[in-house]
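**Q** Okay, so TrEMBL annotates it like this:
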type     : residues : note
TRANSMEM : 28-48    : transmembrane segment
TRANSMEM : 68-88    : transmembrane segment
TRANSMEM : 95-114   : transmembrane segment
TRANSMEM : 126-145  : transmembrane segment
TRANSMEM : 166-186  : transmembrane segment
TRANSMEM : 192-214  : transmembrane segment
TRANSMEM : 248-268  : transmembrane segment
TRANSMEM : 288-305  : transmembrane segment
TRANSMEM : 317-335  : transmembrane segment
TRANSMEM : 347-365  : transmembrane segment
TRANSMEM : 377-398  : transmembrane segment
Amino acid sequence: MEGSEAASLLGERGLGRPAQFKTYRRRWFLLAVVSLLNCSNAMLWLTFAPVADKAAAYFHISLEMVNWLSIVYLLTSIPFGLVATWVLDSVGLRYTVILSAWLNMTGSVIRIFSVLKFLGLDSQSYWYLFTGQCLCALAQPLIIFSPTKLAALWFPDHQRATANMIASMSNPLGILIANVLSPALVPEGKHIPLMLGVYAIPAVTACAVATVGIHEKVPPTPPSASATNSSSQPFLMGLKMLLRNKPYIILAVCFGGGIGMFTCFSALLEQILCEKGYSNEFAGLNGALFTVCGLFGAFLLGLYVDRTRKFIESTKICFCLSALASIMFAVTSRFRRRAITLSITSSLFGFFGFAIYPIAMELAVECSYPVGEGTSTGLIFVASQIEGVILMILLQALTVHVSEDPSSTCALDQDGALDWTTSGAEVRLGSQANAGTADWQNSTATFGRGGGRSRAGPPAGIPVSRGGMPSAKFAEVQCCDQQEK
């Protein structure tokens, strides 16, 4: 039976009869299904990020290949993001949610095939894992774009913001769960199969509930007058209008870059910290603090902007503060035994960075009118995925492989751990300087044995340090001279 919580009668001019608007209790069931799907999809995205080193050792692959399990979400969403916007507007909410649920569930099950020993996949196991991630990635745009449509079709005006917030924030909730749950489930690499099985449970549950429980594209009676008509532009026309809208393009590039940076932070945090001696549990805690403080910051800023209407000022200030917080994290992560400082900087980064999300989305809708909300938010989503891919690939290109370090907590893969705080150019320069110093030491030792002098100094005119060694500057110059010769 369909439950009714509220009904209102509004006179329609010209028709002389009342129009009834009605809300149904099952709208909360639909909200719960979409929220569970959103949470499950985010968990599947970042399954391996908090335990990347152990996953690399278990599957006998490099850390770069583990990172591609996250990058594929970004790459797949770039072309499919616009398609998902069209599917949602053309096919309807019911079939969109069911399709995304089946993609999400199928991907999670295929991932389990990669750890089933009796299948004898061996070297092919990674590609089963990758295929499953691709299917989950296809579901992501469909799921992320659904909350706006759900709120517009099933909820009255005074509940739309709440419904949208609950369904949208279930995505960072899934990220929070992944950051905490993955390290807890995988203290050692042999527990990877258990983790994949646990993460499949929410996906299978959401798929079963969506398939059985969702029966209608729209409610029999609309919940409000705004739900009966749509004033948005057609998809292609709206897309052309957005590409000619300069304020919107600026916002999409800046805000998309922020989402891309958040993506990199979530996917690479464990790899950055383990090389400096921090445990996977600590990395997961930092990811959780980043998300929780971000949700709290978004809630507080939302209340402030609702009262003051200072959208632009708040966005600019938060952008500046989040940039400063990211610089603080970049500097702090270079040092060992800075757990408290790292936790504080991660919290500040999330607090100011996440706070931008609801405000920037509201600005995007305002500056893109009369283009539909789905198209304007969808294009920002695609821009963020493109920038996220660029940042992920660029960051990996700047890293260097390091040999085993006693203070490192990384489970070394076949190529060794990655140092994310030192670029390849720095390492080459340092090794050249060390080589120049070693050559001078060898020549000094030989001179001492042959001439009877145990502590021979460098030749005249060569700058020395306090310990009698040639300065680093001289070693670099000497190295460059040798290369020129």
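Keep in mind that glycine also has a Cβ here, set from the backbone N, Cα and C atoms.
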**Q** Select the range from 68-88, 95-114, 288-305, 317-335, 377-398 that forms the most Cβ-Cβ pairs under 8 Å with the transmembrane segment (347-365).
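**A** That would be 288-305.
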**Q** Counting Cβ pairs under 8 Å that sit 6 or more residues apart, are there three or more between the transmembrane segment (28-48) and the transmembrane segment (377-398)?
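**A** Judged by the Cβ rule, the two regions do not touch, with the required three close pairs absent.
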**Q** At a Cβ cut-off of 8 Å, and with pairs 6 or more apart in sequence only, do we get at least 3 pairs between the transmembrane segment (95-114) and the transmembrane segment (192-214), yes or no?
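**A** Judged by the Cβ rule, the two regions touch, with the required three close pairs present.
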**Q** Among the recorded stretches 126-145, 192-214, 248-268, 317-335, which has the greatest number of Cβ pairs closer than 8 Å to the transmembrane segment (68-88)?
**A** 126-145
**Q** Which listed range (166-186, 248-268, 377-398) shows the maximal number of Cβ pairs under 8 Å with respect to the transmembrane segment (317-335)?
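**A** Maximum Cβ contact count belongs to 248-268.
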